[in-house]
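Visitor: Per Swiss-Prot, the feature active site, O-(5'-phospho-DNA)-tyrosine intermediate maps to Y800. The ATP binding site feature in Swiss-Prot is assigned to N64, N95, G142, T143, N144, G145, V146, G147, L148, K149. Sequence annotations record features per position, and here Swiss-Prot assigns Mg(2+) 2 binding site to D539, D541. Residues annotated as domain 'Topo IIA-type catalytic' in Swiss-Prot, with sequence analysis given as evidence: 707-1174. Residues annotated as site 'Transition state stabilizer' in Swiss-Prot, with similarity to another entry given as evidence: R799.
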Amino acid sequence: MEAFEISDFKEHAKKKSMWAGALNKVTISGLMGVFTEDEDLMALPIHRDHCPALLKIFDELIVNATDHERACHSKTKKVTYIKISFDKGVFSCENDGPGIPIAKHEQASLIAKRDVYVPEVASCFFLAGTNINKAKDCIKGGTNGVGLKLAMVHSQWAILTTADGAQKYVQQINQRLDIIEPPTITPSREMFTRIELMPVYQELGYAEPLSETEQADLSAWIYLRACQCAAYVGKGTTIYYNDKPCRTGSVMALAKMYTLLSAPNSTIHTATIKADAKPYSLHPLQVAAVVSPKFKKFEHVSIINGVNCVKGEHVTFLKKTINEMVIKKFQQTIKDKNRKTTLRDSCSNIFVVIVGSIPGIEWTGQRKDELSIAENVFKTHYSIPSSFLTSMTRSIVDILLQSISKKDNHKQVDVDKYTRARNAGGKRAQDCMLLAAEGDSALSLLRTGLTLGKSNPSGPSFDFCGMISLGGVIMNACKKVTNITTDSGETIMVRNEQLTNNKVLQGIVQVLGLDFNCHYKTQEERAKLRYGCIVACVDQDLDGCGKILGLLLAYFHLFWPQLIIHGFVKRLLTPLIRVYEKGKTMPVEFYYEQEFDAWAKKQTSLVNHTVKYYKGLAAHDTHEVKSMFKHFDNMVYTFTLDDSAKELFHIYFGGESELRKRELCTGVVPLTETQTQSIHSVRRIPCSLHLQVDTKAYKLDAIERQIPNFLDGMTRARRKILAGGVKCFASNNRERKVFQFGGYVADHMFYHHGDMSLNTSIIKAAQYYPGSSHLYPVFIGIGSFGSRHLGGKDAGSPRYISVQLASEFIKTMFPAEDSWLLPYVFEDGQRAEPEYYVPVLPLAIMEYGANPSEGWKYTTWARQLEDILALVRAYVDKDNPKHELLHYAIKHKITILPLRPSNYNFKGHLKRFGQYYYSYGTYDISEQRNIITITELPLRVPTVAYIESIKKSSNRMTFIEEIIDYSSSETIEILVKLKPNSLNRIVEEFKETEEQDSIENFLRLRNCLHSHLNFVKPKGGIIEFNSYYEILYAWLPYRRELYQKRLMREHAVLKLRIIMETAIVRYINESAELNLSHYEDEKEASRILSEHGFPPLNHTLIISPEFASIEELNQKALQGCYTYILSLQARELLIAAKTRRVEKIKKMQARLDKVEQLLQESPFPGASVWLEEIDAVEKAIIKGRNTQWKFH
């Protein structure tokens, strides 16, 4: 049988690390001490190894003293001082509280077989003392009754002196408890306890005597513990170390001592953490926290029940509470859902000091310095003051934001499509330029130019030019940052996750070697960059110059404005127009349209010239690229940062839409010839000029693609589609596939934004189902063009569905005669679509629409056709009984006649409450079957989207068992099967109001027809209307003026044609006499005709005036020649031909008389024509509605 050895605790404690820790020197993490006695105490790290057991010896005596101070706190005799000293290896601890009772201990005397007194038992008998069985509300730091005995068992000698007010007890213990001298007991009125000891240093790994460094380290550590105790006992008890009082009598003083070196002058946040129930409420905790970016991990000092504990649930509770506050504040501040912060992040910059007493805790760990208590004690009973958490959280979040900014500075991404210049980052880095190409086609052009080699030896090459792709688009960095002002007043710019992860912009940062924490004010800073400049190489269109280049400029202005100031940001200004003249090899190049226009006006004719536009870099042919790169430096222009640029960058790219809206209410002021000459002369472009011209033009163009013009209710894309349709289907209105027609529009109307979006616009322009945007589509759809089921999203592929022009409607709503009078968009020098139409009726208020753009929201609800017809007719017809009333209303900007929302194709109800109309769906209830059948939905609510919205509503689905959709493309039949006994509960929970009943409320069968009447103006910019009447009133003068222009132009053309036809008839009559066939040439014949008074005429202009204005007709029609006579064929000189011409003249004269009459009619020229056209439009609409917009 194996033998079991039995040893007493004394011998075991000598040899083992039980309770005290290692008995030899080891590296102790976080060991600190106070080495200075200056006015400002400072805790410093101790880097040398030390013995944990030795420190435990000293610590046990100190904790015993603070336990005694706490125990006497409520007694008559309090502890007023604790004196700790350490000199030449001798440690001493004394307090003036009631001494240890000096009485014989009967049990110990029987065991020792001699007289043993209580002080000896307390200091020499293991597992003996008052800490063996502690009460639940005990706040002593001592445990197990072994602390003082550990000190004795590891000491060469120790002297215990105590006085209880009657007697004084002195006893010496030698040789590690092996020799216990008899005590000396004498009368005394004193009260105190003092223990002096000399540890067995040699056995614990120290020199004997202590070396100078060992003495210094141990003294510093003991001094630190004395300072901790001073904070723990607080006022009323003075802690002395080597006879000098410790000046750390508060938690704030202790926190300052710890952080004075690492974070001097930092704000110390303090608080008292109180509990709400006994025994915890009797002992509030004092906490001090220092927040500083210099701290890299969470650190704490906890003096709980006098013990310097290394961890515990109280710390966990504090960290979790801080973390919750930090996360909440962080998300509120940064407003970036992708940015997350963790417990480690939120607490990594905090140093916390916690001092106080916690009842009922247990001490765990080898050295009994780990606090253990149920965590729910803190959650349930303790609360941290909100003011403390708030102030500290602000400081933490400020540091987190700063750290994010610095951390993101080193974000690495894979840089795609980058070719490094050979000298980039080297000694000649400042001579290198980074060419930032808009996309792949631009990269191809640059590569061609940079690899010309021997054919262009002095030109740019990869030696000093690098290339990078901008990917065709750039993120707006201005909207991806948060500017946060810290408590110290510093502004921190925090980039969100999207921006820091953006491969294009981050790639530019890496390639250039940019640093977000550097301003680049000095040449020394700029010399660290890998390139001397960045050159934007973008297309000469609105997307390239206005958008992409503007965003690149905004990016540099946001983070490195000094680089723009010092000419670092440039652009490659390529020719926009080249004019090739016959017989000449070198073209005339223009960089701005204004330059070309000014040049063209000076030319007598451009017949022998070929004009080519180059809006895209890919349009330049290889031989043109070679020519460009021979003069490359002359095409590189530098941006300058002028005074107004900062505000304009904020307006166009910042987050304040109201500022941008005010700026975009007006159109672009084009560059003057003087401005373009100035730009070329110095090759410098002010940023403000670029923003006010190119960027503004892009923004306005984007608006016109998203928000309709109030004159025709159309966006630019829809207008291109209509113009393309009129042209495409003019001769043959046979159906065409959507994708084929889209190609025609892109080609003839110069649509540059992709076939997918164009095809989608064509499909929408042909959709005709309940709830579709267009009540009056301009196209007839053949095939599946979508339904209300998915809101039109279920349309077929553009390859399979076809369209025709809704010609009967188009011809009446947009009279062909108007097309010659409208202003047109010119793309690449060619006429495209009108800038706007002016339809016979105000289409802008006849259809539905919704879209946001640049801070504006556009929402319209179609108005009732009958009301619109009544209003327009009343305006036009002077005999209309409401004519005078309407004109009075217009003049005084009031509303009289109704202009209600349209209810066409809608089986629900429209009701008005206050200033808004509401649309209501309909339903039937079968109480027996417990089913509600929805038979109509509110206006413009798609079926599937509606059902999904109900299913997502948890409080509604509580009452619903099943939803079944039996709806067709024309009708609504949605069965809502209720759970048993739900109907009464629904009526009870979803209260009936004046505006809706319970079922309408429950099933969301009502929507508000709230409008945002923001439209594009004829000359660009946005106009904000307050009512549909205002739109109508604004539209009326444009349509009215068009009739006068139409009649006046027709009048001018008729007069010219009558002049020409009359001259021809006269010539026929006199042709035999004139006998022009006998003359040698046309010049001689023309002289004869002139001498006989025949007018020279511009025959082509008179026959086909097309887009010529009245002024142009009057100027050029009579400045022609005699071709109209000299080109007459023999059969045209016959009497029958002459007779036909005379009849034609009579008809033209009759029409001229009619036109003159129309010009004089009341209330304005052409009023009767307008009324006729209104009738024709109404007739076409009725036919379209009766035929499901098929017109057959």
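Note: Cβ is positioned from N, Cα and C throughout, glycine not excepted.
Keep in mind that what you see is a predicted model, and the values were worked out from it rather than measured.
Quick one: where do these features end up spatially?
Guide: In the three-state DSSP scheme, Y800 (active site, O-(5'-phospho-DNA)-tyrosine intermediate) is classed as coil.
Counting Cβ atoms from all protein chains shown, N64 (ATP binding site) has 25 others lying within 10 Å of its own Cβ. Taken residue by residue with DSSP, N64 (ATP binding site) is part of a helix.
For D541 (Mg(2+) 2 binding site), applying a Cβ distance below 8 Å and a minimum sequence separation of six or more within one chain yields K615, G616, H752. In this structure, D541 (Mg(2+) 2 binding site) belongs to neither helix nor strand by DSSP; it is coil.
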Visitor: Roughly how many angstrom lie between the C-alpha atoms of L148 (ATP binding site) and R799 (site 'Transition state stabilizer')?
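Guide: One finds 94 Å between the Cα atoms of these residues.
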Visitor: Any same-chain residues 6+ apart from R799 (site 'Transition state stabilizer') with CB under 8 Å of its CB? Would you list them in sequence order, or say none?
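Guide: Result: K737, V738, F739.
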Visitor: How big is the gap, in Å, between the Cα of N64 (ATP binding site) and that of D539 (Mg(2+) 2 binding site), rounded to a whole number?
Guide: 83
Visitor: Are there any residues at least 6 positions away along the chain from Y800 (active site, O-(5'-phospho-DNA)-tyrosine intermediate) with a Cβ closer than 8 Å to its Cβ? List them or say none.
Guide: K737, G783
